[in-house]
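Trainee: Before I ask anything, let me first share the structure, which is written out below as structure tokens.
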Amino acid sequence: MTPHHSSRARFQAFPTQLQKEHFPHQQLFLPLPYIISLFLYSSPVNTLSLKIFLHLPLKLKSNLSLIDQSASQKSGVIVGDDVLNLFKYAKEHKFAIPAINVTSSSTVVASLEAARDAKSPLILQMSQGGAAYFAGKGVSNTDQFASISGAIAGANYIRSIAPAYGIPVVLHTDHCAKKLLPWLDGMLDADEKHFAEHGEPLFSSHMIDLSEEDKEWNISTTKKYLQRAAPMSQWLEMEIGITGGEEDGVDNTGVDNSSLYTQPEDIYQVYEALSSVSPYFSIAAAFGNVHGVYKPGNVKLHPELLGKHQAYAKEKINCEEDKPLFLVFHGGSGSSKEEFSAGISHGVVKVNLDTDLQYAYLTGIRDYVLNKKDFIASQVGNPEGEDKPNKKYFDPRVWVREGEKTMSARVKEALTDFNTANQL
């Protein structure tokens, strides 16, 4: 075991009130395996240190785990109750967490850097195609091999690097349609293996998207997957009603417009089925959303429908909470700030962003290439002299970094728009 594998030992301190209300165990608890790992990684005589520790009296071992939060700031991938409590806090304090589609180490660090600077929690997610790209375009994706391998590789990379940025990160996977279920199955296999070894799943959460299928089959199949995830306290996001447009592995460009608006009765049917299994789930309800690129005004969003879903669910559940559902906003690229704010006011805790960020990443690289075209036309020779070397201009670390900067700036903008900035 390496120190980064236990989320309890990595959790970044939230505001004091949130910490007291929702994360009391984070203040005073470090799990025994993590403490053992500290001995292993800090002592020049690792084996001896471990033997000494294992022979300490039980009471002394317990006292060693009572480390004050202020002395040990924690961060990294969070799971289970920490995800649930983060979403509860977001709903209570009217902010949503952007879910950033990542495809490489470069897009990961661009996103983490933005959240760190904005003092915000973050969701990093991989689509089926993005996960395959993480593995490498030269790897076969027969039987979802590249997508499974890339998702696992990306998850381990994010788990390793996220603590360095000092923020809590929800590690998520995006749309999994019926034809992609073998991809989800492979990731759940990895989750269960990781859980057996480390006491938590590899991923914080997954999304299953069976919205194109019969409603009854969608709900019953989603319930079966939640039953598999529940023993690991793993979150599951589902979709009912269809988000239009096209995204990795999902093409809904030709669906009937009536399918783009979920009915309150359908939302409650999902809640009733899933809440009997686990509290760790969220619902992506369709309210006119469309994936991809579109001109402002061409898509008619009705976020007020989300408020009706909450009111209907509250009445049926007979609960005091005004917004009992955790809702997700898909197709966020191109939406207005007013539409985001309206969705958040009705209990949206997660907003997906992909297309806008792809373009933002491109702009930095595009502008660099255009501005430095005379310095990257050859390895040697530029306007400053025919013998001048150009390595410092064509080094990938230079021009890739320009893409990271512009992507990071766009993520920061989203963090502000969703009221996520300065929540830590």
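Note that Cβ sites are derived from N, Cα and C of the backbone, with glycine treated the same way.
Where the annotation comes from TrEMBL, it is an automatic prediction and has not been curated.
Look at TrEMBL and you will find Asp174 tagged as active site, proton donor. What TrEMBL records for His175, His291, His330 is Zn(2+) 1 binding site. The Zn(2+) 2 binding site annotation in TrEMBL covers Asp209, Glu239. Among the features that TrEMBL reports, dihydroxyacetone phosphate binding site is placed at Gly292, Gly331, Gly332, Ser333, Asn352, Leu353, Asp354, Thr355.
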Trainee: Which binding-site residues are spatial neighbours of His330 (Zn(2+) 1 binding site) here, meaning Cα within 10 Å, out of Asp209, Asn352, Leu353, Thr355?
Mentor: Asn352, Leu353
Trainee: Show me the subset of Asp209, Leu353, Asp354, Thr355 whose Cα is within 10 Å of His175 (Zn(2+) 1 binding site); these are the binding-site residues I mean.
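Mentor: So the list reads Asp209.
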Trainee: Within 10 Å of the Cβ of Glu239 (Zn(2+) 2 binding site), how many other Cβ atoms can be counted across all chains shown?
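Mentor: Cβ-Cβ neighbours of Glu239 (Zn(2+) 2 binding site) within 10 Å number 28.
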Trainee: Taking the Cα atoms as reference points, how far is Asp209 (Zn(2+) 2 binding site) from Asp174 (active site, proton donor) in Å?
Mentor: 9
Trainee: Let me spell it out: for each of the recorded positions (Asp174, Asp209, Asp354), count the other Cβ atoms within 10 Å of that residue's Cβ, using every protein chain shown. Which one has the most?
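Mentor: Its Cβ has the most other Cβ atoms within 10 Å: Asp209.
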